[in-house]
Amino acid sequence: KIIVNRLARKVEVDSIVVPLPFSSQELSIEDSGSMYVITTPAGLIIKWSHLTGIIDIHFGFRFNLSSYTEGLCGICNEDPDDDLRMQNGTIITNMEDIGLFIESWEIEKSFEVTMRRPVRNCTEHDCSQCIDLLNRRIFIPCHDKVSPEDFCEKMWINYTYFWNYECDALSAYVALCNKFDICIQWRTPDYCSLSCPEGKEYQPCVRPCEARTCLNQWFYGHSSCLNLREDCACKDGTILHRPHSTQCIPEKECACTDSEDQPRTAGEIWNGGIDECALYKCLENGSVIPIEPDCDEEPTPVCEREAEVVMGIIDKWTCCSKEVCGCDATLCEPTIPTCTNGEKLIVGHSPLSCCPQYKCECDPLKCPSISTPECREDQFMIQVQQEEPCCFSPFCVCESCTKPVPLCHDGEFLTVDLNSTHFCCPQYYCVCEPNLCPMPLLNCAEDMNLVKENVFGQCCPTWHCEKDDVCVFQEVSVLNPGQSMIKYLEEDFCYTIECLEEKDNHTGFHTLNFTLVNCSKKCDVHQVYTPSPSDYDCCGTCKNVSCKFHMENGTSVVYVVGSTWHYNCTTYECVKTDEGAIILNYTMVCPPFNETECKMNEGIVKLYNEGCCKICKREERICQKVIIKSVIRKQDCMSQSLINVASCDGKCPSATIYNINIGSHLRFCKCCRENGVRNLSVPLYCSGNGTEIMYTLQEPIDCTCQWN
C-alpha cells in the first residue's frame, strides 16, 4: 500500500517512509520540487501540485486502453457504464448511491468526505454568485475558452464546498484557463493570497515542471510542462536545496550536504557525530572529508564557588577538550531546617554556591480552610493573623468616614437616619423645630409693625420693624405695590404714578415712580383718534376706519370696509372688527400643471384666474400642405441651398363602429395625402466631375383627408 501525503511532503510504502525517487513494478514516484509526478503501470501520468493541490492527469506514451485501471477515475476502456465499479466489483447505477462508490475506495478515514452529487443545474438553481465572480475584468481573457456558465453549471453548483470558499473555486477556474496557456494574475495581497515557505515567492504563471535544485543546477534544462500553473518559486539568486525540500539557498551553499541533509558551503567545518565528536569539512569540489580537531591549550580556570571543582569536557562544536568549573554535589554539607505546621521546605540556589539552600516558607495550602465573609459596600477585607504565624483569616473592616457630623443652628436638633444605622458611617442631619426658635427682642415704634421674614436655608426667621407695605402720594392717596394712577395736566400732557416693589429708605414706604406722557398723536388717513376709556391709561389710540394696503412698489391704496381686491394671486378683503378695520387675505390654489408635458403633446399654455393659474389647451391641426426646407442629394450631387418642398401633414378622422348586423366592429380611417402632384426641377451640383444637372422630383398640389 502506497500513501502520498502532499501536505507532509512524504511518501509511505507499507507504512514506511521512503526517499524519492521511488520505483516498484513499473510504478514510479518522484518529487520535482514543485509537484509529485506519479507514473502508473498503465501509462497514466499524475501530476499533483504542492502549492494548490490540483491534480493533473495525462496519458503517457505507453498508455493503451488494454491497460487495466480502476478506482475513483473509473475503468479507462471507453465504456462509461462501468466507471462506477466498487472495490468488490459491484457497479453503481443509481447516482443517489455514489457515496457507497466513494467509500469503497477510501483508505483510513481521517477527515470528512464531501460527496459530489451532480443533480443540480443553473436553470433551476441560483448560480449568480459564481457568475458574478467570473465576470470580473481579470477573468475575461479566458471566457472564450472556459465560459463562466459552463464552469458554474458543471462544477460550482454541484460542489457545495465552492459555495463557502470562493478562492478555491477561482483557483479551479484559473487551472482550467492555464490548460489553454492563458495567464491570469488574479491573486492580490489582500484577496486570496497564497503564503509561500520562507525564501520562496508566489508566481502566478510557471511552466517548468522541474524546479532548479542543487542536484540539477549544472544540467537544468527548463523542462516544460504542457500547461501553465501557479507555484511558489525560489527568489532570485537562490535555488532549491533538494527536490523534496522547501529550503531555498544561495548557489554557493550547494557545495556539500551533511548526513542530516543540510547544505554546507565550501570551507565550512561541522560536527557530524551524534554521540561522539566527528569533524567534517566541505571542499570546493563538493567532497566531504573528515578532519582532526585543531585545539589550543587553555589555562586551567580558577573555581571560586562553594563545592565547585575543575572538570574536563569535550566542546561539541570544536571537538576539543577543555577544563571548566562544575558543581560537585558530594562536597555539599546541607543544613535542612525543621518546618512547623503551615510551612513548607523550599530548595533554592545561590549564584555564589553550587550547594542547594534550604529554608522554610509559609504554605497557605496547609492552613485550615475558613469561609470568606461577604463585606458590605462600605467595608473592605483584611487578613488577620491566626495563632499560626503563616495562617491568616479574612475579616471585614469599615472604611474611614469622610463626612463629618453636621453642626446644628438655632431651632435645629441632631438626628440620625434610621435606615443607615447598620452602616459604618450613619447619616446624621439637622431637623428644624420652629418651637425651639427664640422669641424676638425688638420693640417697634407706634407707626411701625414687627415683621417676620423667613430666610432660605435657615430654620428660625429674622424679625425687624417696618412701615406699612404701601405707597403714599401727597399724604392723601394710598397705593398698593403694582398699582398706578393718572394725573392730567394742561394741553396734551399727563403723568402716571406707579407704586413700585422697592422701598424708599428715607420714608420707609414703597417708592413712587412718575412718568410724563405726551398724548399728542397724529393718526393716518384711514384712522381716527379715540380717547382712552380707562382711568389708568393717559392717552387714547388711533383706530382704523378703513384699510390701507401697501404694494411692492412702495405705494399704498386705501380701501373702505367691505371692499375686496386681487394682488399677486392673493384675494384681500377689508373687514370691520371691534378693534377697527383689518385686512384678511385668501391665497388662490391652482390644480397641478406640467408645462413640459403640455408642450410635448403639442398643447398651448393658457392662463386663467386673473393670470394666476395655467391650463393646457390642445388644438387639432387638420390635414394641410406644408412647406419643408431641405437639401436635395442624389449620389455625389446636391443642391447648393435649401429647397422649399411641399409635403402633407395633419390629422384626419378615424373611427371604429360596432355593426350589429355582422356582429363585429367596422374600422374607418382616412389619411392625409396628396391631391394631385406636380414636377419640381432642382439644379444639383456634382462634386465628382464639377458639372451641374437638373433633378426632377414630385410635390403635392394640395392635401386632403382620403380613404386608404
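Keep in mind that glycine also has a Cβ here, set from the backbone N, Cα and C atoms.
DSSP gives C672 (disulfide bond) a strand state. Annotation source Swiss-Prot lists disulfide bond at C616-C672 (among others).
According to Swiss-Prot, the feature disulfide bond maps to C637-C686 (among others). There are 14 other Cβ atoms within 10 Å of the Cβ belonging to C686 (disulfide bond).
According to Swiss-Prot, the disulfide bond annotation covers C648-C703 (among others). All protein chains included, C703 (disulfide bond) registers 22 other Cβ atoms within 10 Å of its own Cβ.
Under the DSSP three-state reduction, C705 (disulfide bond) is assigned to strand. What Swiss-Prot records for C652-C705 (among others) is disulfide bond, and it gives similarity to another entry as the kind of evidence.
The feature domain 'VWFD' is assigned by Swiss-Prot to 1-113.
The domain 'CTCK' annotation in Swiss-Prot covers 616-708. Regional average pLDDT for the domain 'CTCK' (616-708) in the model is 88.
Packing around N553 (N-linked glycosylation site) is summarised by its Cβ count: 6 other Cβ atoms lie within 10 angstroms of its Cβ, all protein chains included. The feature N-linked glycosylation site is assigned by Swiss-Prot to N553, with sequence analysis given as support.
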Ask   = Out of N553, C616, C648, C672, C705, the recorded positions in the record, which is closest to C686 (disulfide bond) when you go by Cα distance?
value = C648
Ask   = What is the number of residues in the domain 'VWFD' (1-113) that are helix, strand and coil, as DSSP sees it?
value = 13 helix, 37 strand, 63 coil
Recorded positions near C703 (disulfide bond) (Cα-Cα within 10 Å), from N553, C616, C637, C652, C672 = C672
Ask   = What count of other C-beta atoms do you get within 10 angstroms of the C-beta of C672 (disulfide bond), across all chains shown?
value = 19
Remark   = One should report the C-alpha separation between C648 (disulfide bond) and N553 (N-linked glycosylation site), rounded to whole angstrom, as 53
Task = Please name which of the recorded positions listed here, N553, C616, C637, C672, is nearest in space to C652 (disulfide bond), Cα against Cα.
result = C672
Query = In whole Å, how far is C672 (disulfide bond) from C637 (disulfide bond) when you measure between their Cα atoms?
reply = 31
